[in-house]
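Feature annotations, courtesy of Swiss-Prot:
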type: DNA_BIND; residues: 122-178; note: DNA-binding region
type: DNA_BIND; residues: 214-271; note: DNA-binding region
type: COMPBIAS; residues: 9-20; note: compositional bias 'Low complexity'
type: REGION; residues: 1-123; note: region 'Disordered'
type: MOTIF; residues: 110-119; note: motif 'Nuclear localization signal'
type: MOTIF; residues: 295-299; note: motif 'EAR'
Amino acid sequence: MVLDLNVESPGGSAATSSSSTPPPPPDGGGGGYFRFDLLGGSPDEDGCSLPVMTRQLFPSPSAVVALAGDGSSTPPPTMPTPAAAGEGPWPRRAADLGVAQSQRSPAGGKKSRRGPRSRSSQYRGVTFYRRTGRWESHIWDCGKQVYLGGFDTAHAAARAYDRAAIKFRGLDADINFNLNDYEDDLKQMRNWTKEEFVHILRRQSTGFARGSSKYRGVTLHKCGRWEARMGQLLGKKYIYLGLFDSEIEAARAYDRAAIRFNGREAVTNFDPSSYDGDVLPETDNEVVDGDIIDLNLRISQPNVHELKSDGTLTGFQLNCDSPEASSSVVTQPISPQWPVLPQGTSMSQHPHLYASPCPGFFVNLREVPMEKRPELGPQSFPTSWSWQMQGSPLPLLPTAASSGFSTGTVADAARAPSSRPHPFPGHHQFYFPPTT
């Protein structure tokens with residue numbers, strides 16, 4: 001395209017007015033070029049006397065306003081063929097948007113009067129709890145949320161919600177399934193109040209999540225027995241009721257505890273009338289009943305008939321420990337003729353007085369109850385075990401020259417009276433050195 005810029009004076013004739021005159025191209029093709037008479041040239045000089053043609057490059061503002069204001073689905077008026085080539089795509093998309101809005105408006109205009117559906121379940125009134133792993137069903141009544149129970153499947157929870165919705169709101173209630181599925185329930189729920197019907201739905205629900213029990217308050221313990229417990233009672237998380245051999249026994253124990261603390265309105269596994277005149281066992285009273293728990297702090301007094309504190313030794317305890325760990329102390333005077341160490345003196349301070357094949361064998365004199373004393377009888381110890389004295393010789397046992405101990409001297413010393421204690425019952429004799 002070649003532009004010829006010629007300036008034309010405004011005082012010229014009408015024939016010489018500025019215009020766009022596309023002359024035929026030199027090669028005879030279908031294209032053309034624009035010429036602007038800016039230098040005052042006459043169009044007759046070039047022989048260009050073709051009519052003026054106007055092309056609309058953009059849509060008119062009136063057409064755009066009409067499309068934006070009119071929400072109807074009627075298509076816009078057709079434009080001339082040359083102008084359709086330069087039309088942008090956005091008016092047609094605006095028309096499509098208007099059609100889509102008109103199609104969605106009737107469906108979105110109807111809102112549920114019972115609130116939106118649950119986000120965690122496809123059923124109305126059903127919610128999945130990750131903490132317990134169960135599907136729980138709730139219904140709103142008089143501004144309060146009523147718990148209908150926890151179930152293993154979302155389908156069972158949805159069925160419970162439908163029954164409660166029909167009982168609370170009538171046949172026009174929004175339910176999950178068809179109303180014809182509950183014809184048998186409609187005949188039965190007429191004789192029940194709302195509270196009674198809710199209790200029935202709760203009895204049909206699952207108890208605790210852990211275990212495989214279908215009864216409320218019953219779970220399978222890891223030891224293989226059935227555990228019964230109550231939750232949220234006396235300010236505690238749960239109250240332990242005991243272990244039972246059968247699942248039904250645990251369920252009945254839960255029912256008795258629930259009736260005792262919550263009355264006839266308690267949610268039980270079986271009919272509450274079956275527990276008329278039934279009393280909780282004593283074992284359950286000790287665990288569950290918080291009124292009989294004695295929380296007073298005091299020191300329990302010993303029984304004078306069971307303990308004997310007459311100053312005599314009631315038993316011995318023999319410890320085979322290391323000398324460093326031995327701390328046996330004589331706590332009570334044994335007998336006037338028994339010379340013992342002063343009170344508070346450890347026997348480990350004199351390890352040289354006792355020598356035996358078991359070097360860490362020491363005597364622990366301690367007063368123990370008579371009923372806990374083991375029976376002492378003849379015991380088979382090696383004959384080589386004997387208690388000998390080390391250190392300085394005693395005058396009671398004089399030694400001979402180089403031939404060892406004298407037989408007569410040892411026999412006389414054994415018959416002579418001494419300050420040694422009476423022999424301990426058994427094969428061994430213990431010697432306690434005299435106090436200084």
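Just so it is clear, glycine is given a Cβ too, placed from its N, Cα and C backbone atoms.
With helix defined as DSSP H, G or I and strand as E or B, the DNA-binding region (122-178) counts 16 helix, 20 strand, 21 coil.
Summarised as a single figure, the pLDDT of the motif 'Nuclear localization signal' (110-119) averages 50. Residue counts of the DNA-binding region (214-271) by helix, strand and coil are 19 helix, 20 strand, 19 coil (DSSP-based).
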